[in-house]
Each structure stands twice: as C-alpha cells, then as structure tokens.
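Just below is one structure, and these are the notes that go with it.
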C-alpha cells in the first residue's frame, strides 16, 4: 500500500467528473487500499478517488471512532433521500476549513463493493453526510459550492495564502 497525494483546493482537477468503473479488478482494489491508507493517515472519514487524481466513480469511508468500519462504494447512486439538516463539514482537500452545509438527513445508496457485488445501504447522521459529500466529489462538486460566493472567495484566498506561506517556509528550510 502507498499513501497518495490529496489534491488541494483550488486545484481544477477536483472539478473533473469521475468516470464509471466498468470492471472491479486488482488494479481498482489496489487503488482502494491506497485510498484507505491515505484517508486514515490524513485522519479523514471519507475520500473520493477524484481527490487523489483518480477520476473514477469510487470512494472509501470509515466514520467509526476506532477506524474499524471501512466501507467501499463503487459507482454509487443515491436512490432515496429524505429530510434536511445543516451540519458543519470539512474536507481533506480544504485543510482547516469547515462550513455549514445542508444535506438530506437520511439516504439510501446503491453501489458495488470491493468485490464488485451490488449492495444497497441506508444511512443517516455522519455517514449520510459523508456519502453525499463524496458523491459530490465524483460529480465535480465541492462542499464550498453550497456557500455564498463571498464565503467561497474568502476560503480560496485563505488557502492560497497558506499554500504560499508553506512554499516559502519549505524554500527557506533548504
């Protein structure tokens, strides 16, 4: 397994729409393993393939406190959604940024698992938020798209400033 690089906003590759996976094979399973390693190391609860520059319809998730409930969703589709609530969301592609986003309270998702077997799962709470957030990534949509243009611009400027500062510090350290 190998840790992957998580793309950071405003990288335009985060806007690419992911392509359907036609066959679940060893290459896809290897990507899944690497994505789990990356997600756990970055202390996330979900990671879409597009966030690691793999533009396929796949995401991994583990919303458990002990990181012992790994879930794989290949070609996911939300088939039911009900209720609405706002909750703070963060994202590995937006380090240190959190914002209130409105999502469906309860959902049902259909997808393929790591073995290519179709399954359906209902979710609420953090898992429902995570599934909706990661599917948005696969569609080229980011959680900041739910915010006002002013808030989006402030976040973009903040992250660009932090990136410049990190690059300057790295150059000075050499």
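Here the Cβ of each residue, glycine as well, is placed from N, Cα and C on the backbone.
According to Swiss-Prot, the protein has these features:
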BINDING   91, 133, 137  Fe cation binding site
ACT_SITE  134  active site
Would you say which of the binding-site residues 133, 137 has the most Cβ atoms within 10 Å of its own Cβ?
137
If one looks at the chain holding residue 134 (active site), which residues at least 6 apart in sequence have a CB under 8 angstroms from its CB?
46, 47, 48, 59, 61, 73, 76
Neighbours of the Fe cation site 91, 133, 137: Cβ within 8 Å of the Cβ centroid, same chain, sequence order.
46, 48, 51, 89, 92, 93, 134, 136, 142, 143
Under a criterion of Cβ-Cβ distance under 8 Å and sequence separation of at least 6, what residues of the same chain contact residue 91 (Fe cation binding site)?
9, 97, 133, 142, 143
